[in-house]
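What TrEMBL says about this protein:
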- CYS117: active site, proton donor (ACT_SITE)
- LYS22, ASN23: phosphoenolpyruvate binding site (BINDING)
- ARG93, ARG122, PRO123, VAL124, ASP125, LEU126, ASP309, LEU331: UDP-N-acetyl-alpha-D-glucosamine binding site (BINDING)
- 6-409: domain 'Enolpyruvate transferase' (DOMAIN)
- CYS117: 2-(S-cysteinyl)pyruvic acid O-phosphothioketal (MOD_RES)
Amino acid sequence: MDFLCVEGGKRLQGSINISGAKNAALPLIALSLLSKEQVTLHNLPNVVDIKTFFLLLKMLGCEVEFLDTHTTTLRIPKIHNTKATYDIVRKMRASILVLGPLLGRFRYCEVSLPGGCAIGARPVDLHIKALEKMGAKIHIQGGYIVAEAKEGLKGAVINFDKITVTGSENILMAAAMAKGKTKIINLAKEPEVIQLCEVLKASGIEIKGIGSDEVEIYGSGGEALELPSNIYVIPDRIEAGTYLCAGAITNSQITLHQVNPSHLGAIISKLEEIGFKLTFNQDSITIYPTSKFYPFEVSTAEYPGFPTDMQAQFMALATQCEGASIIQERLFENRFMHVSELQRMGASISLHGNMATINGGHELLGADVMATDLRASSALVLAALVAKGKTNIHRIYHLDRGYEKLEEKFSKLGTKIIRDKE
Ligand code: UD1
């Protein structure tokens, strides 16, 4: 197993490019299951989750051709299998994204139930209820969601009780295949969901209300779609946010290219509140050093609120703010696994339910720490950047799931970081 060794205490400088968004690429790859012709996806991040998802598509019968590390062509000559096996789904929960497209187009599928994960129970009941409302017969057998729609899916009114990102994406794709109109109320508004809506529209699906929490979709009645032959994945706002936190925690000036600043509103506002100045171009952001780090309060929320995927990174940053910062996690019940690791580095953090109070301004010390999930792992890298001495971060396979070339990018910014074997 690999681990990372980070030497703390150095200021960063320079610039890096941000990769394509994993969470935008995954639904677009799933969408290709609905395509008549071949589709080429560009600006894919070269990360493990994307490779895992391609493996699943291959198992279903897709032809996957890697043109380079960021560009892949997908063809669906004949799907010989509509089963997403436990083996793949347990590695990556987002595999659930094949449920809507497979059922919509092929009228039958089996998808392993994802089960819980490090950050919480993460049920998929809302995906299932919505598909049932569209006429699917669904039962659970041997740990699999077995879904059938003999006559094809039918348009319906779906009112999500809770905002769910992959749930919204699944139902958008199912609705594109359904017969008639589907109205989705309380749809997620994340940029990744909006990109999916826009690609559906460019594929000839009539879809009204893009960008709002209520959309109407007129499905094809099961006909395969004419997807655009080239699709460009939007930049990763969470990777960008993580590197902005790296600039902030080390009080450095760094520039990120290939970003969309308009997707980073809540993150940028919070950094400004802490005391940082940032400047923007159309596709780049620069963060500058500040004279004082002010403590802050934040609650995670659905987009355009503050992303839960940035909560751990801001907790690392809070350890350097002078005074008490408060972070409330509203989306996932167990997303504080990084707290005990940050405490091992000397952070003063107390937990009360879903609320963490961080008494910042103390020096962190390098230690051996363990990554527990994707974003918690990046928070440990951030803490290591300012810790005194060396920090060894173990179990970094979590980081490899979602951060492309992490040590290369940090090295380019001047960090002493090496990957080694245990
Ligand atoms: C997606 C993102 C993930 C991010 C999360 C929240 C992808 C691949 N992953 O995950 O990085 O942290 O959004 O922004 O895009 N819920 C239910 N029933 C359901 C579905 C969800 O109760 O059927 C609950 C979840 O347990 C959670 C909340 O709804 O408390 C939001 O989860 P959801 O938006 O579905 O997260 P994901 O789509 O899995």
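Along the chain as shown, the residues are counted starting at 1.
Backbone N, Cα and C define each Cβ position, glycine as well.
Residue with the densest Cβ environment among the binding-site residues ASP125, ASP309: ASP309, by other Cβ atoms within 10 Å.
Geometry remark: ASP125 (UDP-N-acetyl-alpha-D-glucosamine binding site) versus ASN23 (phosphoenolpyruvate binding site), CA distance 20 Å.
For the UDP-N-acetyl-alpha-D-glucosamine site listed in the record, the two most distant Cα atoms among ARG93, ARG122, PRO123, VAL124, ASP125, LEU126, ASP309, LEU331 lie 22 Å apart. In this structure the C-alpha atoms belonging to ASP309 (UDP-N-acetyl-alpha-D-glucosamine binding site) and ASN23 (phosphoenolpyruvate binding site) are separated by 11 Å. Under the DSSP three-state reduction, ASN23 (phosphoenolpyruvate binding site) is assigned to helix. With a cut-off of 6 Å between Cβ and the nearest atom of ligand 1, the binding-site residues LYS22, ASP125, LEU126, ASP309 reduce to ASP125, LEU126, ASP309. Separation of the C-alpha atoms of ARG93 (UDP-N-acetyl-alpha-D-glucosamine binding site) and ASN23 (phosphoenolpyruvate binding site): 12 Å, rounded to the nearest whole number.
Put plainly, the binding-site residues LYS22, ARG93, ARG122 were compared by Cβ crowding within 10 Å, and the winner is LYS22. In this view, VAL124 (UDP-N-acetyl-alpha-D-glucosamine binding site) is surrounded by 19 other Cβ atoms within 10 Å of its Cβ, with every protein chain counted. All chains included, 15 other C-beta atoms sit within 10 angstroms of the C-beta of PRO123 (UDP-N-acetyl-alpha-D-glucosamine binding site). For LEU331 (UDP-N-acetyl-alpha-D-glucosamine binding site), the same-chain residues lying six or more positions away in sequence with a CB closer than 8 A to its CB are THR300, ALA301, GLU302, THR308.
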